[in-house]
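Record features, source Swiss-Prot:
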type	residues	note
SIGNAL	1-46	signal peptide
TOPO_DOM	47-408	topological domain 'Lumenal'
DOMAIN	52-269	domain 'L-type lectin-like'
BINDING	177	K(+) binding site
DISULFID	196-230	disulfide bond
TOPO_DOM	430-444	topological domain 'Cytoplasmic'
MOTIF	440-444	motif 'Di-lysine motif'
């Protein structure tokens, strides 16, 4: 941020001095601006750690463009397309009006563990509405070799495109598109999977785009603009066996916008700057839209997130309202058939009851008569049993009395017999003693 403020102040100072000085002073300002540009590039890429140096793949990176003397030899790894020019240490992709250009790395790159690509770019000389833009490519396969899509590819390409362009409603923005090569990509209607706002037009200070892809970290894909996170996702998975074609392209339509590439570095891994936490996310404006209820005509204002023309976002209250409406419709759709079925069942039950009622009445009458007759016969049987039981009880009483009289007579006879036996035994004893006494007397 400090470098941008300093650059803007120097630019303002250059304009003031230019109005006072004249043509010679303008030339001096141009030279000073060029020196300042080189200083900014050095400041942007001056902080590189030793670990990052070990990961730096110089064979797949641009050389120091300020030191290039033999383009055919030192830039043999790169393909320059259309109107690209190497001027004063930078590639100018669009050197004039209605021009386009591209810069492609000739050898294809295969990811071993992870990769990080850093592009240093600048848009200079124009600010305003334009249909042009700057695209950065990460393609797989041979699809899309034409230049109909921002000077770099056909509409049928397989891979990733990161596009910087001016949106008519929201201004300067960065959008990311994916395509599998089976269908045409239309910038106006095709959906993008990520986006952020980024001011890049007519800037004295170059900007840095850093793209990191790490398959080992659950396919982390992360884009940083000037060390601020534009987006990161783990839902994008590239084909591991297919190598990548890396490049950039631009088109400026009818404007004088000059898209410039100052540096490109490729690292075989994740560098330390890629791990900067997202503590200062890129700001996004709020868009207020007037919504008119088609049923009631009521007007309301709703905030939408950026880039919500294709995919509208809704607030929590609106989400709850829609859920309540959906729940009501579901309940209504569920209850109405149930009510109809219940009413039909009730009608069937009523009809069945009406048909069974005469049969039930006849059965009830027959059951009542039979039950009454059975009750009377049972009562008569009970009376007969009671009488028989009473008669048996009386007979038992009489038999009991008779048995008791006999027992008394037998007991009296037994007493007299016992007494008689005792008397007889006593008499026999005395007679025996008398006989013994008589025998003793005779002996004497």
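Positions of Cβ are set from backbone N, Cα and C atoms, glycine also.
Feature map: Swiss-Prot annotations on the structure.
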residue : record            : CB count, 10 Å
177     : K(+) binding site : 20
196     : disulfide bond    : 20
230     : disulfide bond    : 25
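Rounded to a whole value, the Cα-Cα separation of residue 177 (K(+) binding site) and residue 230 (disulfide bond) is 14 Å.
For the topological domain 'Cytoplasmic' (430-444), the model gives a mean pLDDT of 79. Residue counts for the topological domain 'Cytoplasmic' (430-444) under DSSP, helix first, then strand, then coil, are 14 helix, 0 strand, 1 coil.
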